[in-house]
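Peer 1: Take this structure, written in structure tokens, and hold onto it; I'll ask about it next.
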There are 2 protein chains.
Amino acid sequence: MPREIRINAFDMNCVGHIQQGLWTHPRDQSTRYTDISYWTDYARRLEAGLFDGIFFADVIGVYDVLGGSPDAAVKNAVQVPVNDPMMLIPAMASVTQHLGFGVTANLTYEQPFQFARRMSTLDHLTRGRIGWNIVTGYLDSAARAAGFTQQMAHDDRYDMADEFMSLVTALWEGSWDDDAVIRDKARGIYADAAKVRVIHHAGKQYKVDAMHLSEPSPQRTPVLYQAGASERGTRFAATHAECVFMNGQKQPAVKQAVQELRQAAAQQGRAASDIKVFLGATIVTGATEQEAQDKFEDYKRYANSEAALVHAAASLGIDFYKYDIDEPIETKSNAIQSNVAAMTRAAGPQWTRRKLLDQLVMGSRQPPWVGSGEAIARKMIEWCDAADVDGFNLSRTVVPECFDDFIAHVVPQLQERGAFKTSYQSGTLRGKLFGRDRRASTSA
Amino acid sequence: MPREIRINAFDMNCVGHIQQGLWTHPRDQSTRYTDISYWTDYARRLEAGLFDGIFFADVIGVYDVLGGSPDAAVKNAVQVPVNDPMMLIPAMASVTQHLGFGVTANLTYEQPFQFARRMSTLDHLTRGRIGWNIVTGYLDSAARAAGFTQQMAHDDRYDMADEFMSLVTALWEGSWDDDAVIRDKARGIYADAAKVRVIHHAGKQYKVDAMHLSEPSPQRTPVLYQAGASERGTRFAATHAECVFMNGQKQPAVKQAVQELRQAAAQQGRAASDIKVFLGATIVTGATEQEAQDKFEDYKRYANSEAALVHAAASLGIDFYKYDIDEPIETKSNAIQSNVAAMTRAAGPQWTRRKLLDQLVMGSRQPPWVGSGEAIARKMIEWCDAADVDGFNLSRTVVPECFDDFIAHVVPQLQERGAFKTSYQSGTLRGKLFGRDRRASTSA
């Protein structure tokens, strides 16, 4: 019996997300991102297809590394303009019962006390369907937006993140006892003040002396997502994360990363199964192999390599335009360490812009899986078995048809093989993923 | 022909808002505040009744002034627990077309760059129905939650607010030209980078060097609400506010305050009509005078004076328990200056706790207007004419029946007198209020 594969849609409150240029496809609707009915329809569609959740990326800043200018990003809508993803969730939650929501929030630029209340509010309104993707940022442009001249050094960002986590965890888990809220109209007692306490925190970065303003929500702590894959990022994930996103095309490398992550979690006193690993994937599928290939050929015509280069330059922290097209690129940066490491692993020190451009198959460094529903389903099951992966984050290509195609062609094949649910369990997001509503206690 | 009266529901994402204790009424549903369908039903109800908007109060902190402890606030649900009001708006917007949304956000504890994006996102998702009630806070408990030992002095808070306003205005109005977004699939151009610019701000409190991340939204700047009524607060409102909330029971005093505000606006080069004034009101009505009186008697039995005292103590910044019940109270504080001034005006220096308790008719210092729909409608029209008020913010009593009653009994009487619309205009919130989508330029 294969494991139950988890499927999230991976999106962002913007036009161009991962597969750059596809917004220009005549059927693509991502330019409707400011329209609330676009998102409520989207949510209904995913829930009808039994998706586990939708996961929202976010970035505070613009991709101005390539050529030292944001112009190409603006022209091609490479994750700019980008609206706040959190604001989509109440609307999408109001038309669904089961769909989970993961939202990226950069803790570097959040006030922990307000942030904790915002997430508690979402956990209430979604009835426990909220998750938080913890990021610390990697863009100097974001730091400049917040009044700094540049971002903090990579490992310092994680130290700050550890303190932030410890503080918000105290607010979520420690301020109100489970039985603090009585809600007794007859006696006129809403809550028992003896069971509500002030959280005192005086750390290096934050100082708080207050009770949490929200009463306990279904999950209290949102399901914690994390994508850091550097050594320091893995340690952070092993301590805090319940779901981890990975990218990678080579199974042995992904397998090893998953293994190391689960081992690191075990060293923190957690079970290896306390972490669900989601692999990033881009899928082009159809009723037949031919239909999928035809679709792929069609989509590719709208892909935009310049836009993909803008994104890659920012993720890697490297301005490729400073190098001739065949000149080896130095892989040192203060951006996403795991991206840089992956690039070096894949190409060695002789990495060049030309090699990178060759890889940008459909507007991104993530090559799509193209095939019939059956072929995709088999590949997914094979990956989960071989690399110990729990599920997939599906990047959008042409929306919403990419999700319609997945639901029509891949989901039934997965179900037939016992690898995908045929109806939702009731309960919270954490309940569905781990069989418990509350976060397992960690050393944090 | 009387002026068109504007009506907002006044609420908060919590149990006990203004009329303390009424949550214990058997028909009151405010304990459902964590349920998203409570809010979507609420929005539909208000829109069916042609309300102009719903206005959300908020507070970051707890009412711990009375007796130096938050216990009575927690026990009686006096604005605690309190969830983030902003998260209600996308859900409520998704089921309505016309209802406006005003949301309170305390700029002292917001990052201006993120905040500007959040509001732009809401303006997009609501299609231009968002308003922002600018507050600077008045609670030391909020300052402690944010890592300070106490809040800033009253006038310094407004200086900081002026700088915040100047920065977010630049982001909203100055970063993207009207024609920057081209959205041309055929040419593959989303936006013209030459028409998007970085905002450079280096002030006393904030430093930002970034382009606004959101493309222009229908209103760009949300409709600006303000409630400050101190001398410094009036100057701030005269400069920035488009809608101003006032409280007051005595018509001559309100009339004078409105006059001063409009004069102050004129001194800033604005038209007197550039500001809409909303008076806070609590209404208990019914099909007949008798029914309204009976309802009032019923409601009063659930009101809670201790809880009202908790709220009053925090608003005034005075711990009444430090005084004997008949001992004159010193009216000096660092909290809401206009509240303190109003108290002194009303009672002179011989203000005592007993006098205050006598005023707490139905769980608040705001005595209700009780009467038939016709009597209430006449009183509203008379107030607007006499005190130059544009509309009312209706505090909730027993929800949702208080709004049902208003819609059933008062709205038709106002309509009959030509003082209330019979259908919505289309367009943005600002368009409905002022006949223009964009904010009139000010010196800010």
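Yeah, the Cβs are placed from backbone N, Cα and C, and that goes for glycine too.
Where the annotation comes from TrEMBL, it is an automatic prediction and has not been curated.
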Peer 1: So TrEMBL lists B:D58, B:H154, B:Y158, B:S230 for FMN; which of B:T104, B:T282, B:T285 goes with them?
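Peer 2: Answer per TrEMBL: B:T104.
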Peer 1: Translate the DSSP assignment of B:S230 (FMN binding site) into the three-state scheme.
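Peer 2: Going by the DSSP assignment, B:S230 (FMN binding site) belongs to neither helix nor strand, so it counts as coil.
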Peer 1: For the FMN binding residues given in the record (B:D58, B:T104, B:H154, B:Y158, B:S230), what is the largest pairwise C-alpha separation in angstrom?
Peer 2: 20
Peer 1: Where does B:D58 (FMN binding site) sit in DSSP terms: helix, strand, or coil?
Peer 2: coil
Peer 1: Would you count the other CB atoms within 10 A of the CB of B:S230 (FMN binding site), including those on all shown protein chains?
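Peer 2: Total other Cβ atoms inside 10 Å, all chains included: 18.
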